[in-house]
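Data first, discussion second: the structure below is written as structure tokens.
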Amino acid sequence: MVKKEVKPIDITATLRCKVAVVGEATVGKSALISMFTSKGSKFLKDYAMTSGVEVVVAPVTIPDTTVSVELFLLDTAGSDLYKEQISQYWNGVYYAILVFDVSSMESFESCKAWFELLKSARPDRERPLRAVLVANKTDLPPQRHQVRLDMAQDWATTNTLDFFDVSANPPGKDADAPFLSIATTFYRNYEDKVAAFQDACRNY
């Protein structure tokens with residue numbers, strides 16, 4: 001069999017998107033980010049609580065385009081100790097990933113509070129907050145699940161959020177899906193704005 005040479009894509013444009021990654025402590029936010037940025041090769045085995053906000057930059061090439069979206073992932077501490085401080089890092093954030101642990105009903109309920117906090121922190125209240133809801137640790141035995149996935153899906157649908165059930169534990173079931181979704185949504189929104197601007201110029 002002759003192997004086809006995969007040529008690198010020549011990126012013609014790079015867009016940048018700030019994304020708040022939120023959820024209670026220990027739900028696996030940092031582990032998900034690590035699995036995504038390392039393409040599944042690096043899982044955080046030793047837990048270390050995030051203090052405040054840590055920024056991770058992850059480039060995503062949009063399929064069938066020559067455009068790259070750099071996700072500036074704001075890995076946000078889930079502890080109540082930091083909630084009063086972290087909103088200062090959210091200036092200009094209109095995209096978010098809400099993460100909960102399927103074995104913790106409390107972590108699911110807290111996503112609702114995080115969602116409202118993010119909406120209230122928007123500098124421009126007219127712009128929508130585009131977010132996804134992520135059920136993590138779905139590899140755990142069913143008897144440990146406290147949150148039904150259909151219940152989480154219903155809440156996400158009600159609030160116009162995409163929903164993903166994932167596992168950051170290797171090999172990382174669909175761990176990249178939430179990030180790819182955010183990048184694609186940001187790209188499409190950008191394209192819509194460009195098209196609207198071009199139409200306005202033609203009609204001027």
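Even glycines carry a Cβ here, placed using N, Cα and C.
What Swiss-Prot records for this protein:
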type: BINDING; residues: 23-30, 75-79, 136-139; note: GTP binding site
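Features per Swiss-Prot, on structure.
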residue: G23; record: GTP binding site; Cβ within 10 Å: 25
residue: T26; record: GTP binding site; Cβ within 10 Å: 16
residue: K29; record: GTP binding site; Cβ within 10 Å: 26
residue: T76; record: GTP binding site; Cβ within 10 Å: 26
residue: T138; record: GTP binding site; Cβ within 10 Å: 21
